[in-house]
Every structure is written in C-alpha cells, then in structure tokens.
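The structure appears below as structure tokens.
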Amino acid sequence: MDPTLLALGALALSGAAATVAGCAEDLESDVGSQSNPNSQVQLGPQMGNIHRYFNKAISGEPVSYGLYVAAAGATAWALMGMNLNPILAIIVGSAVAALVHGAYSVSAFLGRIVGQSKNFGQPVYMDVMMGHLGPIVGHGFIAVFCMLFAAYLAVNALGNPFPLPLVALIFGITVGAIGSSTGDVHYGAEREYQKYAFGGGIPVANQGDIDIMAETGIRNGLDSSYFCSKLGGPLTGLAFGLIIFLDGWRSILGNIIGGDLITKAAIAIVVGLIVVITTLLLNRKIEVYARNKFGPYTDR
C-alpha cells in the first residue's frame with residue numbers, strides 16, 4: 001500500500017484518539033474541580049459556602065497530565081522493549097498512570113479539605129471522595145490511553161524522531177493546557193456561578209460565592225461533569241484533535257509536495273503559518289459577530 005495513504009490513515013486515527021482524549025481530560029478535571037475552577041471551590045468555605053465538590057489541587061492540568069502521560073509512556077516503552085505487544089503495553093502503562101492519578105487525587109483532596117476544616121468548618125465528606133474517585137480515575141485512564149495511543153502512532157507511523165515518553169509528555173502538557181483554557185471555563189465561569197447574570201464575568205467581590213445547590217439537592221462534581229459534557233468537554237476534544245490532525249497534515253503535505261528535506265520542511269512551515277493565520281482571522285470574525293449579535297453586557 002502507498003506509504004502516504006498509510007500515513008494519512010494513521011493521522012486520522014491519531015486525530016480521533018486525540019479528540020476523545022481531550023474530551024475525557026476536561027470532564028475528569030470537572031469532576032475533581034482541578035485547575036480553572038479550583039480556586040473558586042477553594043474560596044467557597046471562606047465565603048460561607050459549605051460544599052460537596054471534590055477539590056483536588058494537585059497542580060495545573062498541563063503539569064499533572066504531563067506527569068500521567070509521561071509515566072504511562074515510559075512504562076509502555078519499557079514493556080515494548082521487552083517485546084510485549086504494543087496494545088497491551090499501552091494498556092498497562094495507562095493503568096499505572098491511573099494508579100498514580102488516583103493516589104494524587106486522594107492526597108490532594110484530603111489535604112486541601114482538612115486544611116479548611118478547622119477555620120472555615122468545611123467537613124471531609126468521605127462519600128464524596130469515594131463517589132468521585134471512580135469517575136476521576138476512569139476518565140483519566142481513557143484520556144491517558146488515547147493520548148498514549150496517539151503518541152505511539154506519531155512515533156511509529158508518522159515518523160516522529162523523538163522517543164515515545166517524550167512525545168507522550170508533550171501531548172500531556174498540550175491537552176492539559178487546552179483543557180484548562182478551553183473546557184474548564186465552561187465550569188469555572190458558568191456552572192459555578194449560575195445564580196448570577198450570564199456574561200458578567202466573575203467580579204472579585206463574587207469570587208468564592210459559588211453555587212452549592214443543584215437543580216435537585218446539593219451540587220457535586222458529578223453534576224458539573226454532566227453539564228460540561230454538553231459543551232466544554234467536546235470543545236476541548238475538538239481543539240486537541242484539530243491540533244494533532246493539522247500538525248500532522250502539514251508535515252505529510254510537505255513530504256508529498258517537496259523534493260529534498262529542506263523543501264519539505266519549508267512547505268510544512270508555510271502551511272502551518274497559513275493554518276495559524278486563518279484560525280486567527282476566523283476567531284476574530286466570530287468574536288466580532290458575537291458581540292454585534294448579542295450586544296454588550298449590562299446589569300439590567
């Protein structure tokens with residue numbers, strides 16, 4: 001079969017895996033209130049809002065997911081060096097990362113909540129910890145597995161010159177940054193502040209005054225992930241999937257059109273610049289359209 005067709009197929013599969021990984025990563029962070037909304041949940045008890053959110057301030061998402069995916073990649077790489085089947089190696093590596101993820105989540109939750117118990121009266125709800133841990137580890141496993149699979153395709157099918165653990169580290173940092181900047185805003189700036197008028201942002205005076213009541217009963221992280229699965233999670237997956245697909249596509253296009261190595265690299269760089277400029281222009285037009293369509297925010 002034509003190597004170019006094989007590369008295109010591997011790229012499409014890698015982009016699909018990255019899309020699933022991005023969605024799962026964002027929903028996992030929503031269950032655990034990590035990154036963007038974490039500081040608001042942290043301030044809740046200080047504002048008199050005793051909550052039942054799972055609050056795991058391990059670190060920012062880029063750092064934590066860089067750790068998880070790199071640990072999974074290093075484990076899988078070592079197992080593949082021992083002639084284990086690549087799929088099994090990726091599964092075992094993702095399982096190791098899930099164990100690390102779960103351990104950090106429990107220690108971060110208990111440490112953060114216990115630190116607020118004495119001064120602000122925030123109880124440590126053990127049922128919250130046990131009920132949220134499964135979705136956190138499960139979504140994390142899916143995200144790490146898909147990212148590690150995409151990294152494996154990048155190294156073995158798309159000709160990436162770097163070793164698997166390093167590519168996995170880069171993918172983990174990238175998806176964490178996208179989840180923190182794209183998907184978590186849907187939770188931290190909207191879901192936690194639904195009692196305030198939409199579009200008003202989060203004034204300093206309102207920080208920590210989070211919603212603690214759901215449509216029925218008391219709100220928790222599982223409610224938040226359900227809400228964010230409608231927009232924030234899919235947007236994160238779409239953003240990460242497009243980054244992986246377009247980045248690989250420009251390299252393949254350079255290999256098809258170019259002759260020598262320098263020409264191929266130059267074509268790939270030019271195509272990448274065209275994609276970035278086109279994206280900037282589209283973002284600007286969408287922003288201007290939205291502002292003209294819905295008008296400025298007022299406090300009426």
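In case you wondered, yes, glycine gets a Cβ from its N, Cα and C as well.
From a predicted model like this one, the values you see are computed outputs, not experimental measurements.
Feature annotations, reproduced from Swiss-Prot:
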type: TRANSMEM; residues: 62-82; note: transmembrane segment
type: TRANSMEM; residues: 86-106; note: transmembrane segment
type: TRANSMEM; residues: 135-155; note: transmembrane segment
type: TRANSMEM; residues: 158-178; note: transmembrane segment
type: TRANSMEM; residues: 226-246; note: transmembrane segment
type: TRANSMEM; residues: 261-281; note: transmembrane segment
Chain residues in Cβ proximity to the transmembrane segment (158-178) (below 8 Å; excluding those fewer than six residues from its ends, i.e. six or more beyond): 7, 10-11, 14, 18, 21-22, 25, 35, 60-70, 72-74, 76-77, 80, 143-144, 147-148, 150-152, 236, 239-240, 243-244, 248, 251-252
Which residues of the chain, 6 or more past the ends of the transmembrane segment (261-281), have a CB below 8 A from one of its CBs? 246-247, 249-251, 253-255
Which sequence-distant residues neighbour the transmembrane segment (86-106)? Criterion: at least 6 residues beyond either end, Cβ under 8 Å. 32, 54, 56, 58, 64, 67-69, 71-77, 79-80, 129, 133, 136-137, 140-141, 144-145, 148-149, 152, 156
